[in-house]
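Structure first, commentary second.
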Amino acid sequence: MPSLLITALFLNVIIYVINTVGAATVDGLLWLLYIQLPTGTSQIAREQRHMKREVVQLKHEMSSTSSQDEFAKWAKLRRRHDKALEAYEAKNNELTQSKSTFDITIKIARWAATSGLMLFLQFWYSKTPIFTLPPGWIPWQVQWVLSFPRAPMGTVSIQIWSGACATVVALVGDAMKASLAYVSKPKIDRIKLGATMEGKEGKKRQ
């Protein structure tokens, strides 16, 4: 069943990427994308940013105004600042509540679309072979393991295929990370060496 074979592989790749990047990072990126959409939450986010800039500006004006020499102006700025700060905190709390709801929703959706879907496929297609092995190719004991738990004898079950995909994806991913680290390390070493040489030359000039 090629479509099921590819689906299981694709899901394992997605799960590995999410685990490597970090679920919190993925959620943060999705939140940034979400508040760019034309929704009520994006309107709240824009208002919150505008209020924050206003509070910072008023605070800067207060700092540059003497409370002794220009008390009337300073007091007026203080009242405006306090009022703007109160409005900002209320809007920020509203945005925080929206983000909490979004985080819960996205966690459920992410699990359902990855691990939840994988569990469903393993249950629903437990009797469906991913592919059939050539007759007599391997001993029957190995065939039994590959068909575990409910696939026909002489085939590979989705559980075994999914486990194999997860292992291979993890190995390939770790190899890629190690290769990138190895390639980038000489550059970092050259930068450190250059900084050390410049420091030594500077000391010699002194």
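In case you wondered, yes, glycine gets a Cβ from its N, Cα and C as well.
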* Asked: Quick one: which of 75-100, 179-204 does Swiss-Prot have down as coiled coil?
  -> 75-100
* **Membrane topology agreement for Leu4 and Val145 per Swiss-Prot** => yes
* Pull the DSSP breakdown for the topological domain 'Lumenal' (132-155) and write it out as helix, strand, coil residue counts. => 7 helix, 2 strand, 15 coil
* Asked: Over the topological domain 'Cytoplasmic' (173-206), what is the model's mean pLDDT?
  -> 62
* Beyond the flanks of the topological domain 'Lumenal' (132-155) by 6 or more, those residues with Cβ under 8 Å of it -> 126
